[in-house]
């Protein structure tokens, strides 16, 4: 009888498999593979080699704390000559004496997560078991049978493999972009993402059920949406805060990447990191989903409605002086960010595959938990409010009507309705380019089109009862060129009288500093014209000067000023409202790269910023990071104040680890100028072979 097989070594071929599965940037010390795609391991036996017909080889793969075959968290399969579809398989590739090359493959519906791999070798009645090591299995956007399959290679590179991106902010009238280091392949990030799954409340409640559902990106997306915020006291990653008091943490505007946030969360023992706002929640969720293999992108909706009572109407109240009053919990955010993830929806009727909206910012509860989605973007566009998950809330974010109630001194209220204010310029980064792609058409039909009215009717929203008021007077607010931080600037109310007679009116213009979520601060400009005569079929403009000395001390991290114009006609008592959010532009950070950009070769970055204010900047800090370029974050604190019109500057050495296109990202903070962002694309040449 042949002596039993004894395994001497096993090579999981981490480097080779990583290249073939596009996971090599996660490191060569662990095996990370994508489901449905074969990976190769090498077995070296001591003494004699494997003999077909004499020896039997089988493999066990297990994931989770209580693996069970019926739950899909354990599989036992034997070595064969050809792979089997739809199940785990092991195929003999090559034998050289005592060395065996075996190709293993998971089904395209396998559970994602960390697996234990075991070899069972038997000869006759003798048998031994050998632990071969652990590996991590991810979703596979390259496999046609995977639920996250994405057809175009350039889209897979952008939405799964790209570690850097741009997030759109500012206002509808002045869209800005901020760089973000997603860093899903950076050290520790994969382990942190898996840990997030293993401490989520659904796992703690029923470990077997939770692990059995990890083959479904819909389920994973819902878990991640809940775990990125901490509002359910579930060991979530980020604590949200919107009141401009961030002294005991980080201002949301100061972050430039997810890596620092996720590492802090782990270092804190899975306690919330302070603080996040919508783009931070969305960016961290995007990192986690890309890390797990799900195509994901951050999306920005301008003039985003927060409809708390579900009636698809946002009620806002203004005093006679144009000051906003808080009588409703409904809000309009200058912008709001969420994540889109690409996946099929076999849990729904046909037609809802593709991009799904996931919103980890804690706003409203869904099934008792602060999470939102996945909501099929197609269902949002069609007004299919009964489709899972959370369609009514997202539908309102992009479609709600806005009603301004002007509260008069005697308590009487006048109504001014605006039905095409919400859901503008829905934006995401273009594939392969640093430019903005407008995806509004994927969420809604053109404003005022017959199809749009049809969708509203389906959403059981009687839009006709709120028809846009056709006043004979019309008003809009325009901005003079360049509202630069540190400078004075003008805004103009343009008023047109489209009637045949002269109108006597009162105009009030009010400017206040504001946060991006619609909250307003102190007044920084006001004008009250008691007797404004408007000639028939004429337009005239009224300027309002806004001074830095008035807005500067109260400007929030969002660099926003909200201008409200209220025009009241004396004869009828009717009012017209116009509102504009003005974005105050920060100075540019200039970045120069010195040296030949090559892998493993030292480079120098020269970083400069001019102080545009008429007063010194104190406590100046530069924070620099870039996936594949820097080892974590670099922080440079300047010793001296930066005088008016002087430069804040420093030089930094770094050694790029990875070839290809990368972004070097910079954040600047000081006592009077905060959240200033800049980036430079750097193409790193590979090492000569």
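A Cβ is built for glycine as well, from the same backbone N, Cα and C atoms used for every other residue.
Residue 278 (active site): 28 other CB atoms within 10 A of its CB, across all protein chains. Under DSSP, residue 278 (active site) is assigned to a helix (H, G or I) in the three-state scheme. Under the heading active site, Swiss-Prot lists 278 (among others).
Annotation comment: Swiss-Prot describes 336 (among others) as active site. According to its DSSP assignment, residue 336 (active site) is in a strand. Within the same chain, residues at least six positions away from residue 336 (active site) with a Cβ under 8 Å of its Cβ are 278, 300, 301, 304, 306, 361, 397.
Marked as active site by Swiss-Prot: 359 (among others). Counting only residues at least six positions away in the same chain, the Cβ atoms of 225, 281, 282, 338, 339, 371, 372, 373, 390, 394 sit under 8 Å from the Cβ of residue 359 (active site).
In sequence order, 420 are the residues near residue 447 (Ca(2+) binding site), counting only same-chain partners six or more apart with C-beta under 8 A. The secondary structure of residue 447 (Ca(2+) binding site), as reduced to three states from DSSP, is coil rather than helix or strand. Residues or ranges marked as Ca(2+) binding site by Swiss-Prot: 399, 401, 437, 447, 452, 539.
Beyond its flanks by at least six residues, the region 'Disordered' (427-453) meets 152, 154-155, 157-159, 165-168, 175, 177, 297-302, 340, 355, 377, 380-381, 398-399, 420, 463, 681 of its own chain at Cβ-Cβ distances under 8 Å. Here Swiss-Prot flags 427-453 as region 'Disordered'.
Swiss-Prot lists 431-441 with the feature compositional bias 'Basic and acidic residues'.
If you look up Swiss-Prot, you'll see 476, 477, 478, 479, 480, 481, 482, 483, 580, 581, 582, 583 marked as GTP binding site. Sequence-distant contacts of residue 476 (GTP binding site), defined by Cβ-Cβ distance under 8 angstroms and a gap of at least six in the same chain, are 493, 494, 578, 580. In the three-state DSSP assignment, the secondary structure recorded for residue 476 (GTP binding site) is strand.
In three-state terms derived from DSSP, residue 516 (site 'Important for catalytic activity') belongs to neither a helical nor a strand segment and is classed as coil. What Swiss-Prot records for 516 is site 'Important for catalytic activity', and it gives similarity to another entry as the kind of evidence.
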- What does DSSP say about residue 359 (active site): helix, strand or coil? coil
- Taking the Cβ of residue 452 (Ca(2+) binding site) as reference, which residues of that chain separated by at least 6 in sequence fall under 8 Å from it? 444, 445, 446
- Just checking, which of 478, 480, 482, 516, 539 (recorded positions) has the fewest C-beta atoms within 10 Å of its C-beta? 482
- Task: Have a look at the recorded positions 478, 480, 482, 516, 582 and say which one has the shortest Cα distance to residue 401 (Ca(2+) binding site).
- Result: 516
- Query: Counting other CB atoms within 10 A of each CB, which of the binding-site residues 401, 437 comes out lowest?
  - Reply: 437
- So residue 580 (GTP binding site), by the Cβ count within 10 Å over all chains shown, scores 20
